[in-house]
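Visitor: Once you've had a glance at the structure underneath, I'll fire off some questions.
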């Protein structure tokens with residue numbers, strides 16, 4: 001029999017083993033679709049970003065007008081920009097759902113896969129932050145000022161670090177130039193780390209909703225999951241295109257239609273919606289260094305999740321108490337997101353502080369405790 005080129009060619013063999021003949025569990029649900037959706041998001045962002053970069057000028061006197069020029073005068077420039085801006089939102093929607101799936105079904109027990117995933121999240125957050133600064137509107141400028149200023153809370157080296165980040169004594173032209181360079185570079189770093197993420201995943205194979213070994217019951221990735229992924233893609237593309245074409249500025253801040261002005265501070269400085277939960281945690285502590293540490297901890301806590309797993313069962317499928325706690329955490333994050341968008345005044349401050357406290361309590365104390373309790377309940 002003639003050798004199949006798909007299985008013998010050095011490059012095609014890799015693609016075949018990752019996307020065609022890959023043995024996959026037969027029972028993975030739609031929650032396992034988000035990995036491929038994230039890959040599509042990344043490719044879309046790189047493509048639209050590349051097209052935008054061709055018309056963008058990274059200079060404080062020209063950045064705002066170059067973006068306006070792209071939208072007005074470039075063929076379909078408005079479309080490319082709207083896809084890129086809203087693509088970022090859908091990227092975060094998918095990554096949050098992907099992480100939520102990992103938490104619910106105990107996928108974090110594949111430690112290397114989980115840790116590279118958290119690194120991917122951090123890189124994505126950095127990329128989105130520097131990208132938001134590029135249009136050089138009011139919220140771009142003041143967002144950059146507020147967030148970079150947080151580095152000054154680091155003892156001893158803080159102030160030096162901030163001025164080094166800025167390339168001067170305030171957010172100015174050097175800052176914009178380096179942020180553009182970083183925004184161009186980081187997505188390719190994300191693509192590279194994604195390959196590492198997948199390499200680790202394919203060492204063990206996918207987890208599944210039951211959390212038990214699926215070695216005895218595998219099906220080929222293609223055609224089953226390749227088709228399922230295309231269905232998932234069309235289901236994501238529908239709301240994405242609806243948003244980008246019908247209300248492209250729904251998730252943006254109106255303040256960003258005003259060119260950056262260092263002499264006028266906007267009444268409410270707030271980041272894009274996907275950072276609001278962390279921003280609320282930052283603001284809930286009335287001390288600069290404390291706030292910065294809480295902000296960092298709100299995301300870095302994900303690295304600890306594998307060590308806080310105390311249950312004898314991997315997934316939450318058959319653990320109603322942990323399920324309740326999980327959805328409590330989701331509700332808590334929604335409250336934090338809402339608080340992050342509100343001004344710092346009563347009653348929002350106290351709600352934010354309570355939500356921040358419960359966020360860390362649920363993850364660090366309640367999850368391991370309930371896991372241990374459920375183990376004990378198995379004996380009765």
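Cβ coordinates are placed from backbone N, Cα and C, and glycine is handled just like the others.
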Visitor: Transmembrane segment per Swiss-Prot sits at which of 12-33, 56-77, 78-99?
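Guide: So the range that Swiss-Prot calls transmembrane segment is 78-99.
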Visitor: Pairs 6 or more apart in sequence, C-beta under 8 angstroms, 3 or more of them: is that satisfied by the transmembrane segment (179-199) and the transmembrane segment (114-134)?
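Guide: By the criterion, they touch.
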Visitor: For the C-alpha pair, I'd like the distance in angstrom between residue 197 (heme b b566 binding site) and residue 183 (heme b b562 binding site), rounded off.
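Guide: Residue 197 (heme b b566 binding site) to residue 183 (heme b b562 binding site), Cα-Cα distance: 21 Å.
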Visitor: Should anything in the same chain at least six residues away from the transmembrane segment (78-99) have a Cβ under 8 Å from its Cβ atoms, list it; otherwise answer none.
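Guide: Long-range Cβ neighbours of the transmembrane segment (78-99): 31, 34-35, 37-38, 41-42, 44-45, 48-49, 51-52, 67, 70-72, 117, 120-121, 124, 128, 131, 236, 239-240, 243-245, 248, 251-252, 272-274, 302.
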Visitor: Taking the Cβ of residue 84 (heme b b562 binding site) as the centre, how many other Cβ atoms fall within a 10 Å radius?
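Guide: Looking across every protein chain shown, the total is 20.
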Visitor: For residue 183 (heme b b562 binding site), what is the tally of other C-beta atoms lying within 10 angstroms of its C-beta?
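Guide: By my count, 22.
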Visitor: Can you tell me which recorded stretch out of 34-54, 114-134, 289-309, 321-341 has the most Cβ pairs within less than 8 Å of the transmembrane segment (227-247)?
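Guide: By the under-8 Å Cβ criterion, the transmembrane segment (227-247) pairs most with 34-54.
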